[in-house]
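Notes follow the structure.
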Amino acid sequence: RVYLDNITAIGPRTVGSPENEVLAVNYLLEQIRAIEKESTDAHKISVDIQRPTGSFSIDFLGGFTSYYANITNVVVKLEPRNGAEHAVLSNCHFDSVPNTPGASDDAVSCAVMLEILNTLSKSSEPLQHAVIFLFNGAEENILQASHGFITQHEWAKSIRAFINLEAAGVGGKELVFQTGPENPWLVQAYVVAAKHPFASVVAQEIFQSGIIPADTDFRIYRDFGNVPGIDLAFIENGYIYHTEYDTSDRILTDSIQRAGDNILAILKYLATSEKLANSFEYRHGNVVFFDVLGLFVLAYPARVGTIMNYMTAAVAFLYLSKKQLQPKTRVVHNLKELFTAFGLTLLSWVCALVTVLVVAVFISVIGRSLSWYTHFYVSVFLYGTAAAAKLILVHTLAKKFFYKNVNEQYLGDTFFDASLMIWSLALAMITLMGLCSAFICTLWVAFPLITKLMIHKEFSQKGATMKFVMMYMLGMFVPYLYMMYLSWTVFEMFTPIMGRSGSEILPDAVLAGFIVVATVILSSYFINFIYLIKSTKTTLLTLTTVCVVTLILVCSGTFFPYSSDAANPKPKRVFLQHTSRRFHDLGGNVVKSDSGIWINGFDYNGISHITSHVPEINDTIRTPCEEQAPFCGLPWILPVHFMFRLVKNWYLPAPEIFPRSPIHFKVLSKELMPWNSVRLSFEVSGPSHMSLYVRPREGSTLSTWSLGDGVPVPSLGGDYFVFYSHGLQATPWHFWVELTAPEKHSDGIVSLAIAAHYFFGEDQKSPQLYALLERFPNWTFSSGWSCTYDLFVF
């Protein structure tokens, strides 16, 4: 707790700032030296300050290239007195995004690592392998410091596994959401060692699908170091992740203690494991893993899971086949009834999804999106009740008009079998796709089937007796309990993400879709009860009333999306950049210039709720796209343009800014190369953060450059994006681009723009930007900085 408080007391720690490069580094070194003095003779502690320079390309955020110069890593190696050949790495980052104290992301992890270093160093027992603690100083700059370490540091060669400590929320449990690749022994290490487990292969497959707009150092160690590892992150209260509210007082001591217990135990286990030294021998195979209510973790090889899944599906199909074939005289009739029930069940699911999505789109169109953002129960009352009502309505109508004189017990039995058939097919298909998450389907096939076989006599008795209902519920207890536990985790992760997912995605449609899926899964084995009970009128009326009343309240604006509640804020995120732009022609003349405050709301609502507080920010100042310029001539700090529509960002005219440390951009040379190519060399010096945007003119091709591995990686849309950052005392940035050009290119061969971003210091905020930020309501987190933008044609 003391370490955490002291790190966050430094303030925002943006790469390149004195707070990050000097104050935070000095504090870490002071604590490490104090720990070294107290360590026992069983250990040797080595400390190194690394300041790497490098470049790489990454396919995150649509693809871009990163260049870093003189950034900072603080590296500590704890090893036995006589040294160690192999090592396990523990990684945190002490930098933060601008304008935030970064307590959970990721100061708390660095505090935990300091305490673990302290504990291990005081032990009288030497470790078998070394433990390397990397306090990396540039993770928020899209994973730069970890790349500098794993590709350039001499200790990196000894690393056989790593643990990465991250955050997507503030406190709570730390979730294992990535492991591997392969190397099942690492999951086993977590299973054996972790005292308070919280892990899910479902989270891993969701994260690695790319649908969450985030990435961690795990990717760098995996892709550039070829090292396997475990990725953990705090996921609770993601509403204040990357905001000014991410303060140390919001992280409970219990949460820090829990993380420390887990990570210390895992590191000790790995540092004394024979498998770490011979990890190459144990590298093959994936693992199915999931915790059971946080009590323990079940883990087994994926190949065993595949066999179990197919066997479970086969037993279910065998049961269904045998049932349909008896008596032989009714085989055709039985199959017809089963497939009719199968079709009706799927139809009810589709109807529920369509109905709920129509409501979600309607809510979005009338400007009431995210009404549930502060009040999650609203989404359940609105979309959950609509989904459940639609499911019940479809089957009630089928029972009344399609199955008019059919035996109720027979219908209940048939619809149970239809649900079992759907889950068995889903199990076989998901297993065939190679997804470890298929274990969920196994639960939804095995337990209902066992329940059915145990109470098959009660199924044939008239009416849903209390004994039958109790036995049925007991049999379904395990899959229902696990599914509700998993659903809670998924909603806890995804709901806050909807507040920072950009203006392209309809958050109501996404959340409504999740709620429909949860409703469909949880109701799949209760559809048969609709056919067993006499009437669903009361249930339908209640669900419909709740849905309609909630809809009316949402439409009237009763539920405001955001909250400034001091104890539990849920702010709207807004980015403001005071920008001065200059557009140059082929001769170097300025043909256009302007200045304004460029405003981006980070969610679907844009600035609709802000206009009443700041009237000049309205729909008359929407940002125009400069078609001839890469990325519409706008100073994106990252290539997230695909997440934001231009109709949902604004450009408020403002006076020109004159940074005290302006950017210097110089053409060093133009060379004709073989194969009709032209090489342009440049020199740039400026603030710690700059963005380079490149668009070859018509007929030209960007063939190679001095960045990354030499192969240019285009972003979504075809333009090229380079993210640049530097620490202290960096030399000017030199780079070249090579283009293949047509013989006639009177209008130039390439448009190249450079933006300079001032995230700290005297140039960060102009008086106009300060004044505007002061007027924003207290339920917003408005992050502002100044930047310049220059476009050139060569």
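Note: Cβ is positioned from N, Cα and C throughout, glycine not excepted.
Record features (TrEMBL):
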DOMAIN    73-266  domain 'Peptidase M28'
DOMAIN    335-555  domain 'Endoplasmic reticulum metallopeptidase 1/1-A TM'
DOMAIN    569-792  domain 'Endoplasmic reticulum metallopeptidase 1-like C-terminal'
TRANSMEM  292-319  transmembrane segment
TRANSMEM  339-364  transmembrane segment
TRANSMEM  376-398  transmembrane segment
TRANSMEM  418-447  transmembrane segment
TRANSMEM  468-491  transmembrane segment
TRANSMEM  511-533  transmembrane segment
TRANSMEM  540-562  transmembrane segment
Dominant neighbour of the transmembrane segment (339-364) in 418-447, 511-533, 540-562, by Cβ pairs under 8 Å: 511-533
Whether the transmembrane segment (418-447) meets the transmembrane segment (540-562): three or more C-beta pairs under 8 angstroms: no
Intrachain neighbours beyond the transmembrane segment (468-491), with Cβ under 8 angstroms and 6 or more residues off its ends: 175, 200, 202-203, 206, 235, 292-293, 376, 440, 443-444, 447-448, 450-452, 454-455, 458-459, 461, 514, 518, 521-522, 525
Two-stretch contact, the transmembrane segment (540-562) and the transmembrane segment (292-319), at least three Cβ pairs under 8 Å: no
Average pLDDT across the domain 'Endoplasmic reticulum metallopeptidase 1/1-A TM' (335-555), rounded to a whole number: 91
